[in-house]
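Asks: Dropping a structure here in structure tokens format, bear with me for questions.
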Number of protein chains: 2
Amino acid sequence: MTEIRPNLPVDEQLSILKRGVVDLVSEEDLRQKLSRSLETGQPLRVKLGADPTRPDLHLGHAVILRKMRQFQDLGHKVIMLIGDFTATIGDPTGKSKTRPPLTIEEARANAQSYLEQCRLILRSEPEVLEIRSNGEWLEQLGYKDIIGLTAKYTVARILERDDFSKRLSAGTPISMHELLYPLTQGYDSVALEADVELGGTDQLFNNLVGRALQRDYGQEPQVVMTLPLLVGLDGTEKMSKSLDNYIGISDEPHAIFAGLMKVPDPLLANYFTLLTDLPQERIDELVAGHPVEAHRVLAREVLVWLAPGADPDAAEERFRSVAKGGIPDDLPEVVVDAAELNDEGRVSMARLVVLAGLEPSNGAARKLIQNRGLKVSGEAYTDAQGWVEREQLCMEGGLILQKGKDKFKRLKME
Amino acid sequence: MTEIRPNLPVDEQLSILKRGVVDLVSEEDLRQKLSRSLETGQPLRVKLGADPTRPDLHLGHAVILRKMRQFQDLGHKVIMLIGDFTATIGDPTGKSKTRPPLTIEEARANAQSYLEQCRLILRSEPEVLEIRSNGEWLEQLGYKDIIGLTAKYTVARILERDDFSKRLSAGTPISMHELLYPLTQGYDSVALEADVELGGTDQLFNNLVGRALQRDYGQEPQVVMTLPLLVGLDGTEKMSKSLDNYIGISDEPHAIFAGLMKVPDPLLANYFTLLTDLPQERIDELVAGHPVEAHRVLAREVLVWLAPGADPDAAEERFRSVAKGGIPDDLPEVVVDAAELNDEGRVSMARLVVLAGLEPSNGAARKLIQNRGLKVSGEAYTDAQGWVEREQLCMEGGLILQKGKDKFKRLKME
């Protein structure tokens, strides 16, 4: 747990908060809000909006959550706004894959999982954490309110948004309701009376709409702060689950350690800035030094705040052992149901790979084996059509499947 | 009253309904709807929308109302849709002069006056007249419904509307809510399950939105029929009260007669087509003949349906007498309150012109007098600063004020 340091002088707060930030609109506004907060003892209200659609958080999300945490540590209140109401609407045209409509139950389950993961990074005390749902106010809006809301913004300003202007000039259809979403998101800031809104750089436009709308509704405009989209382990694309270039924030400590050891060298400085509190001189020193040592420090620094209960030494030890080809002791176990066996009492290796969760389909599992990507109990396994007997699964210790260097599963049958 | 002729064959109905029409989208759809109506005995639902903002109807409105009346005479049902709910919203930016927000009382009063005037042309039997308010369904719409509605239309299609595309390319701001109004108007057609929507040519785009939305909501799309905007008595601008180039539909019969005698010759054929039932050969004959006779026939033909209780001979007689400089007998009377007299027992002529309703202000009244536009009891009156004694107003017959050739008022004091 980091230290709580409320009532820090404004300059010190600014220096902490500005670290790693891309856009800050505007620093002067933030300075004023921080000063007034010090005078009145009233904490700032710092908003982060999220669609409850993708519940698995990774280090890319952690960049923003850490910034939220810094606000908390400085005594301010963060507001996690869940767009569960808008998620149940989704994209009514059905054309956008990123906005399939959810049932309210799905949205709530996603939100709960999202918040649980956020709590790995955020403080949970009610003085510094408020959780809200945009249905609270959007459900109340009628036709007249929406005309009033939309009257405050011009078409030209909405179409300035980069993706809209590109699609419009390319002749790619934009549905009218898509123009309403940025206004709605901006209206959330009005409803919450946010002082600051955080987001990735891709949210700059939407969050500036909120800033403009607050002014139109007679509120002091929010400060908009954006953070970079973290580049993933492939070194080129932004970190995302679908590209499999990510480190999940609730991964096992040794997996987090292993993932961070794989960060491409050119990204090291960026990872240090965004994911640790190390001072700039120390970062420069590490990046100039031996890359393995730099990665080691990065991994240990991240583990300290991301998995505060874990022993970094143990995580590192385990990582090293696996890297040398060893098999760790505490493997996740999968129990194979006897119904998986055929009449001859056996099951295909490909099927076991799927049951272990290492590949999504038998075909993918066979390809993994053909590509020499599977080890079984430490030995390379190359027979894509191979079978496993019941007895092998019932042995003491079961069957250990290993994909790549560091993904292990122990399979058993009872 | 025109004749009711339900169950006319489709071709005859089409021939009546197509007269004077500019856009018909599509004739084939209208033919099918008319055929089915004949088969099932179910009348078509013919919508005309109106904002209750300008309660004084003129012959320009009559062009469309006559078309509605033709539908009624053929046994179909017309739906007068009053946009009283949207009128109370108006333009929340306050920038549009044509959309000042009204109180619900103002909107209702305007709507009542509008409908009273419409009834001069339309039949009132409930089988052929339905009066609706868009508040019935718009008040029920929530955020989710509006997202659903807007999802059915693309930005590009809305921006195709002529005035939007011109403003966008000229950099003139379009407020976001302005894009919602065409969709709302289209949704009215969905709510009413309209078979046909009528409008001026300036409504083509909006009414086509309704046609598209009905299809999206799983309804048979409405037929869109537009009628020309009648050119006013100045021969150049469309008829409108603010340009003072109009003939009001509730004007006195002799004033209607006088107005129609002033129709510029090049517009005669158009007026005959849009405002009478005369066959084309007869129109050609009249237009080719003496213009005074053509105007006389036009005026009498219009009076027959617009003022069915009036005697066209009397209206014509009165028009002729006034044209020759005579003063008609049955003048509208205005009783001047004794409180208008000053301490010396007199009132300015300018003030009397205002009280008579001939000019809106003392300044305008003095200008009228200076420009030799006022006669008093048949004599030119030229003293812009002149006074009238109490005795003159109390005389038998009072004081007759005349503005131009055909506007008379009799002023009295009791």
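Every residue gets a Cβ built from N, Cα and C, even glycine.
Feature list, courtesy of TrEMBL:
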type	residues	note
BINDING	A:Lys241	ATP binding site
DOMAIN	A:344-408	domain 'Tyrosine--tRNA ligase SYY-like C-terminal'
MOTIF	A:52-61	motif ''HIGH' region'
MOTIF	A:238-242	motif ''KMSKS' region'
Asks: Looking only at residues six or more beyond either end of the motif ''KMSKS' region' (A:238-242), which have a C-beta under 8 A from one in the stretch?
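Replies: Here the qualifying positions are 54, 56, 58-60, 229-232, 248.
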Asks: Note down the number of other Cβ atoms within 10 Å of the Cβ of the residue listed as 'ATP binding site', including every protein chain shown.
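Replies: So the Cβ neighbour count for the residue listed as 'ATP binding site' comes to 15.
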Asks: Average the pLDDT scores across the domain 'Tyrosine--tRNA ligase SYY-like C-terminal' (A:344-408) and report the rounded value.
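Replies: Across the domain 'Tyrosine--tRNA ligase SYY-like C-terminal' (A:344-408), the average pLDDT comes out at 86.
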Asks: Mind checking how the motif ''HIGH' region' (A:52-61) divides into helix, strand and coil residues in DSSP?
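Replies: Output for the motif ''HIGH' region' (A:52-61) reads 3 helix, 1 strand, 6 coil.
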Asks: Can you break down the domain 'Tyrosine--tRNA ligase SYY-like C-terminal' (A:344-408) into helix, strand and coil residue counts using DSSP?
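Replies: Helix, strand and coil residues of the domain 'Tyrosine--tRNA ligase SYY-like C-terminal' (A:344-408) number 21 helix, 18 strand, 26 coil.
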